[in-house]
Amino acid sequence: MTDLRAATPLVLVGAGKMGGAMLAGWLENGLDPKGVVLIDPGPPPEMAALIAARGMTHVTAPPSDLKAAVIVLAVKPQVADAVLPGLAGLVGPGTVVVSVAAGKTLERLEAGIGPAAIVRSMPNTPAQVGRGITVAVANSRVTTPQKVLVTALLAAVGKVEWVAEEALIDAVTAVSGSGPAYVFHLVEALAEAGRRAGLPDALAEKLARATVEGAGELLYQSPLDPATLRKNVTSPNGTTAAALAVLMGETGLQPIMDAAVAAAARRSRELAG
Ligand SMILES: NC(=O)C1=CN([C@@H]2O[C@H](COP(=O)(O)OP(=O)(O)OC[C@H]3O[C@@H](n4cnc5c(N)ncnc54)[C@H](O)[C@@H]3O)[C@@H](O)[C@H]2O)C=CC1
Ligand SMILES: O=C(O)[C@@H]1CCC=N1
């Protein structure tokens with residue numbers, strides 16, 4: 001288990017779906033709830049329950065008497081600019097700010113909060129079960145120990161990759177940040193196709209869900225690459241081959257995925273503000 005003691009006091013700004021998923025993962029991994037301060041005027045009910053159950057400090061505005069070790073900014077990009085100046089007082093000489101806000105550039109973040117060590121990162125919600133992946137980029141003020149600390153924090157909820165080129169984060173957002181939604185939609189679409197093929201509702205849902213769960217777990221545990229795993233399902237001239245002729249055809253999944261990822265990356269660039 002990662003030692004997260006150096007990450008406190010940790011101020012989490014925005015304890016919604018992403019901030020909450022990371023927090024749940026950190027608590028699972030031993031983060032001391034007494035070292036956590038949550039700033040959120042309206043957390044979702046399940047988060048409010050977790051805050052109460054674990055005795056975390058919950059405020060609706062930044063406290064004036066605290067210097068944070070880590071500030072995690074997990075509010076919507078559209079409210080980040082308004083929130084950042086109010087967080088400046090929490091920044092001390094050792095503080096590192098970690099933003100998960102889609103689109104918000106390091107330059108824009110620093111313009112809001114003032115001179116600070118800042119990491120722009122893109123996690124995803126499987127962080128909640130310790131199976132996220134986060135890609136991060138640091139500004140020039142981030143020290144090596146701060147990078148080690150942020151890596152420990154992010155690694156507590158999944159895999160971590162650092163990039164030197166900030167522009168890559170828009171494509172990262174489009175692939176892994178938003179990606180879980182594409183997979184969940186695949187479950188919805190597979191279930192719907194099953195219903196249209198005559199399966200009862202509950203069975204169609206159960207089959208689609210279990211198939212994606214199982215395929216994901218196989219991918220996780222297997223040393224084989226996805227193409228080989230796919231080929232292992234595909235008998236020559238069998239049922240899978242018939243389906244893949246559609247999915248891998250000219251109007252199949254690849255052009256749709258290309259368009260979806262391009263749209264998400266474009267939106268990430270727009271969200272810079
Ligand atoms: N949901 C996801 O899968 C991912 C989200 N992100 C990023 O995470 C950020 C948050 O997104 P979600 O968690 O999905 O949104 P959300 O709406 O679930 O959570 C945002 C939280 O911020 C709180 N909030 C609003 N105004 C605030 C303020 N002035 N001060 C403090 N807290 C305030 C809200 O009450 C809410 O609990 C966004 O910037 C998004 O781009 C990044 C990766 C994945
Ligand atoms: O949809 C969004 O904008 C955020 C960023 C990645 C996932 N959710």
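Numbering starts at 1 and runs along the chain as it is shown here.
Note that Cβ sites are derived from N, Cα and C of the backbone, with glycine treated the same way.
Just so you know, TrEMBL annotations never went through curation; they're auto-generated.
Some features that TrEMBL has for this protein:
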- 12-103: domain 'Pyrroline-5-carboxylate reductase catalytic N-terminal' (DOMAIN)
- Ala74, Val75, Lys76, Pro77: NADP(+) binding site (BINDING)
- 166-271: domain 'Pyrroline-5-carboxylate reductase dimerisation' (DOMAIN)
Across the domain 'Pyrroline-5-carboxylate reductase dimerisation' (166-271), average pLDDT on the 0 to 100 scale: 98
Cβ-centroid neighbourhood (8 Å) of the NADP(+) site, Ala74, Val75, Lys76, Pro77 excluded: Gly14, Gly16, Leu73, Gln78, Val79, Ala80, Val83, Val100, Ala101, Ala102
Secondary structure composition of the domain 'Pyrroline-5-carboxylate reductase dimerisation' (166-271) [DSSP: H/G/I, E/B, coil]: 84 helix, 0 strand, 22 coil
Secondary structure content, the domain 'Pyrroline-5-carboxylate reductase catalytic N-terminal' (12-103) (per DSSP, counts of residues): 38 helix, 24 strand, 30 coil
Sparsest Cβ surroundings (other CB atoms within 10 Å) among the binding-site residues Ala74, Val75, Pro77: Pro77
